[in-house]
Structure formats: C-alpha cells, structure tokens
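Report on one structure; see the data block that follows.
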Amino acid sequence: MPKIIIANWKLNPATLAEAEELAKASDVEGLVICPPYPFLKAAAGVVKKSQLGAQDLFWEDKGAYTGEVSGSQLKDLGVKFVIIGHSERRQNLGETDEMVAKKIAATLQDGLIPILCVGETRAQRDAGETKEVVARELKTGLSLIGNCLPASEAGKLKTPNQNKFGTGQVKNLVVAYEPIWAIGTGTPDTPENMLEMIQYIEGIMNELGIMGTVVIYGGSVTSKNAESFLRHNEIGGALVGGASLNGEEIKAIVKIAEKYN
Ligand code: 13P
C-alpha cells in the first residue's frame, strides 16, 4: 500500500490567489491537499496529480444547520478524504467523541475516506494516560460504524440511527496519531513511540473488527525528520501542518515517502 501524505493547511493561506499558488506548487502524486472550505473549488481546478481533502464536515446532508458543510457537498467538489476530530477542533470548538462518531459515519455514508485524528495532551501523557485516551477516541469515534461498543455504552450515543455500517464493510479508514504536544511545536514524537502506538492502535482495530486501516503520524513533520518515520513499513504516511504551506517542502516529504513504497 503506497504511503499517504496529507497536507492540512488549517486556516491558511489568507487569499484565494495564494491558495491557488500553493496548490499549484504542491501538486504531486501521493499527496492529499486539504485547503480551507472557501478554497476547495479553486484547488480542485488547479491540481492535476494530488487528491483533494476537506478539514471537517457536518453529519447531516442538508437542512437548517447554519455554517455547516455536508459530505455530499464536498464530494460534489471532488473531495475524496475528510479529516475528522482534529485536536484543534476538539480543543477550540469542544468537538466531542460522540460528534466525531457521527461525522465518521456520515463520511463513510457519503463514500468519502475519513482521516480520524487521535492523540493525547502533554498532561495526559505525563499522567500515563496516552493509551487510555487513544482507546476512548477510537472506540467512541468508530462506534457508529458497527457494534464497536457494548450495547450499554452505544446506547448513550445520541444518533444510533446512523449505525448503518458493519465494521467489516469499512475498508477505507485512515487513523492519524497526532500527539497534541507534538503539533506545531517543532518537537515530533519519536519513531519508536509511534511504532508502539501503531501496534496498540492496530490491536484496538482488530478488537473492533475493522480491517485494513492505515495508521499515519502527525506532529511537526518536516522534510528533515520525515524519513525517520516513513522508512518504517508500519507507518503508513504523515499528516503535515506547517510544512505543507510550502510547496517545495511538502513535495520533498512526498518524495521521501515514495522511496519506501
Ligand atoms: P504541524 O505539522 O504544524 O505540527 O501540524 C500537525 C497537524 O496538526 C496536522 O493535522
């Protein structure tokens, strides 16, 4: 399976012209570009080799939901991937695991590929809670795509009506382990810890009966440190923030990934 590199532009750049320029400069096979919503159409018009992703979606398809964007609208623009449950949304907007679960179900329902973000804060890591946090984020986040949780816990979720998928049917799912303390700090996790986390995450996916998940790393990835992660077979790719705002830099990361395909 070829490695997947995802460019998460977050709330950048400032103008449409800059977005078009960055999309053009980044356009390479093996890359998924996730611009802010207002630039998606322009990016779709510019890129020839990269695929398109969105940074979020809402779980309903249409209706009275001011400010929201649906999976079907994104699909109509040519979007293939959707980042779900990024820690910046969890922290700044109070996005909960239950909301993440509804978004994952909606993403799959619309035939898009979810990139589920999980990861612990510095305080949680220091308290030895990393695995507990990641397990909860995965088990609740994926609870609406099958019978992942015991009925007693699943019953607490607000929209069990979206529970349309058996876990075995889910073939396309990306899990991004992004420790929050490593995001935008210039201090990435170590590849050794990432490998341990991948083993742990894969164990949970087995428990949930979800096969073929790709696990990728995110947090201060640059062209300087990318190889230390990507050279491992187990690490399926990278979710890149800051370094994706420079076309040369993101293309260099994709090139490193290709060496290990
Ligand atoms: P940085 O690469 O800027 O640390 O951001 C990582 C991230 O949050 C990608 O989603």
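Every residue gets a Cβ built from N, Cα and C, even glycine.
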ASN8, TRP9, LYS10, SER220, GLY241, GLY242 bind substrate in TrEMBL, but which of GLY30, GLY45, GLY63, GLY184 does that record place at the same site?
GLY184
Please report the Cα separation of SER220 (substrate binding site) and GLU178 (active site, proton acceptor) in Å, rounded to an integer.
9
Does any of TRP9, LYS10, GLY184, GLY242 have a Cβ within less than 6 Å of an atom of ligand 1? These are the binding-site residues; tell me which, or none.
GLY184, GLY242
Is it possible to get the count of other C-beta atoms within 10 angstroms of the C-beta of GLY184 (substrate binding site)?
13
